[in-house]
Each structure stands twice: as structure tokens, then as C-alpha cells.
Amino acid sequence: MKTLYAYLFIWISMCTVSCDDWAPWTQWGTCSRTCDGGVTYRTRRCRKDSPMNRGCRTDDVQYRACNMQECPGNVLDYRALQCSAFNKNPYSGEVLNWVPYHDSKNPCALYCQAEGHDVIHRLANHVVDGTKCRNDSKDMCIDGKCWNVGCDGILGSKKVLDRCGICGGNNSCMIQRTPKFTWSLSGYGECSSPCGVGYRRAKPVCINRASGKRVRNKRCRSAERPKQQTRSCKLRDCKESPIYKWVFGPWSNCSCAKKYSWRARRCVMFFPNSTQTYVSEKFCDTRTPVTKQLCDKTLCPIWHVGHWAPCSVTCGNGVQRRGVVCQHFGKEFCDLKSKPITLRSCNTSVLCFVQNDIQEVILGESDSSSIKRLPPLKSTERTGSRPRFVAREWQPCSVTCGRGRKWRYVTCQVYVPRIGKDTELPDKECKGLKPLNSSPCIIQECVEQFEYRVVGMTPCSRSCLGGVQETIVRCVSIHNGSAVDDNNCKDVHLVPVERRVCNDINCPQRWKVGDFGMCSVSCGGGIMHRDVECIQEFAVGFRNGIHLPDYMCEQPVPTRNRKCNSIDCHSEWLSGPWSKCSVTCGQGYRSRDVYCVKKNAGGNYINISSTLCDSNKHPMDVQNCNQTVCPEPKLRALEVQFFQMDKLKRVKLTIGMTATILPGTTVLIKCPTRGIQIQDIKWLKNGTTIRYSKRVKLTRKRFLKIRNAVPEKDSGIYSCKAGSLQSNTPVSFSSVYDIFKATMLRQKYISGIQPMNLVARSISTKQMDPVSRKYSPLFLVKSDWSACSATCGGGLQSRNVSCEIITRDYFEVFPVRFCTKAGHSAPLLIQSCNTFPCLEWSLGNWSECAASECVRDKTALIKREVSCLSNDQAMNDTSHCESLGTIPPTEMECSNKDCKAVWIASKWTRCIGECETNGFKTRSLDCVWSKTRLSAGKECSSLQRPRTMKMCEMGSCSCTDESEYCSVVKMMKFCKFENFRRNCCVSCKKS
């Protein structure tokens, strides 16, 4: 250990501040936006050769603007998009829609205003990096601060367009009288390839020097047009095959003023890892889907026009009229500017001839063929127009036979050249005698006394849209035309009844008035309502009318509402609103005011004595209110390990943290609580109450402050105690070796020996540093995998993974769940290894060297079982273990004295031969082991072989039949055989 400390001392003493240097910059990260200006950044780490050095100077992070081109189409404002993310979050119990609100003092905070309300709230301390500080500038917010963006698109640049439209120019064109328009290269477009290497192009465009806006190319000189520029690009590696699809926006709303509805489309590239990005439209299917469609105008309002009526005169100039009606559905009406004309002038092309100052005029829809056309009037006669009498055509004679009378209308008129038509005057203005307006008429003599006569027409069945009327036929006296009984006309010819269409005109606008409904109240002055609508019928039938605005009907509008029940009401109790609960949590009470009132005829409430109201119906004025359950007292401890690697003036810790600090550091320990009064907090060290001094004391917020901590006095466990709750923070001091080991472990992540598993590129993958109170990126620090627990058959290996915030001066270790929650992939802590199967020979025990296994003289066999095991399971086929080499032996010879081969003989057979002659006896021999009598094979070949045959004498034989087959030997002729003769002696002798 002394040698190690000596080495560390030499190593530290050799280095100075100059030993510290910067590691290489990381690659630029992904742009925070795809268009309209985003931000990207890169970082670098200070490689500290000694913890005692002061570190590197200058910044460890660089920012730059990116994707400054305008977004195509109607893209939602980036700040509005961030506000809309809070639409689903309830605010004061109500779900509101948020729109952006720009605060001039703090433009990089996310202030939003509730749509339709006066509520303005700061929903986030910082907007997302790349958000514009103001709508009218390119300046953007980065890490909560507004960065200036010049006209060159560079962060921190102060360049602006001069009056010549040149970025960073000096208005030289105003002196040299340079052209107003000039060529400029547009921004580089999209990459031609979504993955791998592609290219981007910048095309020349003509711009106005003063405004910087693009104009038509023909305004610039074609000879000065620069060439388009091309540069390579690479969005990502082509590791996975993407999918290209069209993505559409919603259809635009149709209206009667629009003919088509549109929707936006974008070509989007989808990757298997669920990421996506916009690409050029050439990558998607060439069969472009529909983005434009006709609007359905079947329910739009439309003007309906009728036929022109005949000209109002039979000669000269007149007028024609027609009906025009707006047919609509709902509350959208026809455009009055596009209403067709209802009146036009007409010319009969017939000049009026003045003879006795009489001109005939058509009234209504009379048949012009019944009017006698007069010769045309000479032009000289028109110029001297003067008042004259104009007679209209004669009406039919008042009788059908005999003497009657006929009438006509005669008026005084004059032709007015200015308006091109005749105008009526009083009769005194016309000179001469006025033509007769009645005249007697004589029809053929009446033959009969009575006749049927048409006396008139029935009223029209409709006042508009075409009704029907019939002629009225009466039996009358021929002499005086008086009506008589129909019996007098029994023998008279019937006059046919004529039917004709009448009032075939458009219906005028009219009021449709309903009945008054019930009164809204029974007393105190109420309102009765009825429906009043301005309508116009356009066809016969139910609901064939259109609703019109009130101003299109005759004024004034019929009364829709009227007062009713204007009498005083009885006394009653009136309650005010409940007050707020007396407590914010737990059980409390609330109250309200209760009055005895009376509603007068005018609908107003007046206070009266409470004795006039029914006391039994008095409403409650006090009631209990149950608020939310009071929060359980809690110490908000933080499970974080803090390790100081370089000098710091002050370190602010939170109770629950484990701290390793350097001597001389001032330590602040705070104890955040919930539901606990601050004065109830007590501080302990190693279980005993702390004695406060100038160096160790409590701040105004009850923080424990240790100034210039030293190991001898300040090492220990500090506890925050409130009642029964207690949380601890162990404080220890680091040695040079501890700092060296901690620095070297994290140095390999910083210097690039092992790639950093750093996914943090935005605020979502950062964590609030409890020491610096700033958002810092989270690192997953992984150790090497341990050795596998098994050489085969599947083992396990583990590693240590910590979630850390690493700075130059200290690092903090968080639970791994903080990194996974911030966006890092959950790291593997344990993994399988050596998963291939374990193969081995399974050898059984040798059997005993028994006499039953003898193989030769004084030698026997011992045996054992040999099997192939795969992961401790026996395999039927030993070929699986061929890779292990030769199969172990299953048999082996052993020495056994009991293994001795001997001959054993059977008993001698009885003497075999003829009776009273010499015969022989035989026996069998077997070679066996002497102890077990088991066959010994050829092991007796070296031993003397015993006799197996000997002679014997046959005595006199007794003749008997000893076989059961003796009865058939004679028939079968078996007696010629010696064996049958001996066993069937009696039967063979008889033969």
C-alpha cells in the first residue's frame, strides 16, 4: 500500500494545470426541429490528469442553428404546439384549451392563455430549445435564454440585412447605384436519399436587395446568374429498410362560397424502431392520392326565378316583372348581391298611333290577340306628345240577349320621353271630350224568359302558388237579370261550368305566428313565449316553405314575448352561496346566509321579516364539509450518492443522500417535509443532538450548515428528525486513492475508450441536479461483465450499472429507474452465457471381482456402466460425446483364486447290450469352474480327461413290455430294431 501511495504522489506531482485538456467534441446531435429554425449541440469532457488541478477553461458545450428553411404548408406554431400539449390537463377542475402568450420580460418561458378566458399561466419554466423568442425575429431560446440569430443563420451573430438586402452589408449599393435586384442562392433542400449518402441542392433565386424578398427571375440579369450548388448529405445509415407512406391532414371545411375542399399531404419515412421523418415526395408511391375534392352544395341557398310576365303595354315601352325567391336550409341565406333582377323594361316594337288621343293598354294577362293593332305612329307625331285620353278595351255586354250595357276604363295619359313610357294624369289635363266609358249593347232577341247565366267566379282556392276558381252559374230572368229559383230553368240549356287557374304567382313573405305557451312562473311576473317566423312558401304542401330573416317580412315583427302573472308571490326562504370550507384538509364546516324574501309583481326580491316565513322549512345555514384527506407527514428523502472529486466552495445536500466530500468544503443539508411544521425539525449527529456553534449552525430555513468541514470533527451520520420520522445522511471524506479510482472509472466513458451510452439530446433525457439545481444529462455507467458462472450448460454473468450525473467537480449516483424514466433503454444487469450443453462421460462403479465372472485360470472380469450425459441427462446414443474422445472401458480383468477349471462327470448309464452278453456304460463330461460350477469353456484342455465309457456284463433279461408303444411295434414292424426288441420284449417274441 505504501508503494501505491508513493506512485500516486509522484504521478500527481508530475502534473500541473497544463496537464488538463479537452477530449474531442462529440458529433452534432439531431436538430430539435425539421424546419423553421431548430438548434443542435455537441459536448466535450475535460480530461483531468489530477483531481487537484483546476480543470479546463472555456465552454464544454456548443450550440448552432439548423434547419432554418420555412416549413411548407400551414404548420402549427411551435410555441402553440407546446401549449396545446397541456389541453388535457385539468386546471382548477376545468379542462381548458391553451394558446401561446408572449411575455416581453421572459420570452423563453412557456406562458399560455386559456382560450376564451382571461387566465394566463406559466406552464413551463423553459420552452423547448429552438423555439422563437418572438414571432417577428429569428432569435431562438436555448436552455431558457434568448440567443441572437443573425441574418446569416448563425447563433450569436449580430449581422443584419442592409438597405441593399445584403447580410452584413454596408449599404454600398446606395452609393454605387447597384441594381435593385440580385441573384442569391436559396437554402439547401431536402437530402435526395433518406439513408446513406445523398445530395442537397441550392438553386439561384432573384431577390430584392432592399427587402430581401424573392421576386421573379426575369428581373435579375441572366448573364450574372450563378450556378446551382450541390453538396453531399447523410441522414442516417441504411441499416434497416424503411417504409414510405403518404400521411394526410384533415379535409378543409366546405362552405357555399368554396367550390373545393383541400387536405395537406406529406411523404413520411417509417423505421422499424417506430421513428419517422419527412422526406421528399419522390420516395412515396407515384400514384398520388386525392388532395382535392368537390364540395357538396345540395344544401346551399339558391335563388329561384319565375317567368317574365307580359309587357305592361300593347305599344310603346313598358315593363316586365318576375318573382325571385331564396331557397335556403338552416341559417345561411342567399347573397343579396347576386340576386337576379325582378324588373326590366320592355319594348313592343309597335308605335302608338294618336287618333282622338286614345291608346289601348293591356291590364293583367289579357290576350293581346284580342286588341286591334293600329297603324304605327309616325316619328314626327311622337315628338310633340301631349296629354290624351287612353281608352281600354270594352268589357263584355251585361246580357246575353236583348238590351244590355258594356263598360270600359278611360284615363288621361301623357308620354314622357325621359323615362320612355306613359304616365297617368287627372282628366282635366286632357283637352277635348272624354271618350265614353259605358255604352249600350244589343244582343239577339231573348226567346225564353229564364236562362242560366254566369254571374261571377268563385273565390280563388289559394292566394298564391296557383289556386282554382270556377264560374258561378245562376238561373236568372232574361228581362231584368234577377236570380230566380232553379226550377224555372228546367228546360233551359245548361251552361258549362268553367274552371281555371288563379293566383299563379309567388307567395309573398309572411309571418307564421304560433300560440302563446304557458307562463314561465306562477307569480312575480313571468314571460309567455310564442314562435314567430318569417317564411315564404315556394311550393304547395307541408313544410314547403323557407325561413327568412325578420327584416324580409312586413314590419313590425309580431310580439314574441309578453308578460304574465304580474302578481306578488308568497314569502319564501332564499339561500346565498356556501362559503369556503373552514379547513383545507380533513373535516371542517361552511356557512351561508339565509333570508326571508318575497318576490313582487315586478320580479324583484324584497327582504321581509323572518316571522313571515315558515320556520319549519328554514334551510340549513351551517353544514360539515369533508375536504381531501390531510397528507400524511413525510420526510422527502432523496436516494442519491454524492462524490466530490474537486474543490467546491459549498455543497447543498438533501437528507437521504450519501455524501463523500473533500476537506474544507462547506456543507448545507436541507430536510424537505410535507405536513410537518418547520419548527418541529431537529438535527442529530450519530444519534445525539448537535451542539451548534459558529461553524456548525442552523440557517433561517432550518438547514444544517457545516462550514469548512474537516474529517476529524464532521464525519458521521447526520439525521433529520420530526416526531417519529427520521432520515439520515452519512457524510464521509474521500482519500486521494478514492478520487483516483473514481476518476479513472469515469475517464474511460469521457475519453472514448468505451463508447458513452448517452442518449440525452433534449430536455426529456435530463434530470434536475439536486446540488446545482440545473438540468443535467444522465449517463448510464456500466462496468464490464463478470466471468460466467458456468463453463457450459448455461451460466450467468452480471455487471454493475449506475445512473449518474457526471461533472468536472463531482458525480451523483441515482437509482437506475431515473435513467429509464428519462428515456434511456433499461440496461441488462444479468445475462446468460456459455449456453452450449455440457457433455461428459458418466462412469459407474466397478463390480466386485467375483467367481461368477471368471475368464481364465485365476482371472475374472469386473464391469461398470458408461453413458453419455448432456446437461446431466443420459443420452441413448453415445455418439453425442464423440468430441470427448475414446469411450472409457466398461470391463477389466482382475485376479481371483477361485477361478479354477475342473472336469465334472455325470453318473454312469446302465449297462447297454444284449441279454447275457458283454455290454458298456457311458457318462458325460463338463468343464466348469470349481466354485460356481459354471461352464468354463475350453479352460480344461490342459487337464487330464476322465474316462467316459467302460465295459459291463449283461445278465439274464426278464421279458417285459416297458413302453407304451409296444402294442403297435408288430404292426409297424419295429421289432427289427434292438431298442424296441429290448423294451417290447413280449410283443416282439410273439411276432
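Each Cβ is built from the backbone N, Cα and C atoms, and glycine gets one as well.
TrEMBL: automatically predicted annotations, no manual curation.
According to TrEMBL, the cysteine that forms a disulfide bond with Cys66, out of Cys31, Cys108, Cys112, is Cys31. For Cys46 (disulfide bond), other Cβ atoms within 10 Å of its Cβ number 17. Of the disulfide-bonded residues Cys66, Cys71, Cys66 has the largest number of other Cβ atoms within 10 Å of its own Cβ. Ranking the disulfide-bonded residues Cys46, Cys56, Cys71 by Cα distance from Cys31 (disulfide bond) puts Cys71 first. All protein chains considered, the CB of Cys56 (disulfide bond) has 18 other CB atoms within 10 Å. Across the structure, Cys71 (disulfide bond) and Cys46 (disulfide bond) are spaced 38 Å apart at their Cα atoms.
Across the fold, the C-alpha of Cys56 (disulfide bond) and the C-alpha of Cys66 (disulfide bond) stand 28 Å from each other. Here the Cβ of Cys35 (disulfide bond) has 16 other Cβ atoms within 10 Å, regardless of which shown protein chain they belong to. The separation of Cys35 (disulfide bond) from Cys66 (disulfide bond), Cα to Cα, is 8 Å. With a 10 A radius on its CB, Cys31 (disulfide bond) counts 19 other CB atoms from all the protein chains.
If you take the Cα of Cys35 (disulfide bond) and the Cα of Cys46 (disulfide bond), they are about 33 angstrom apart, rounded to a whole number.
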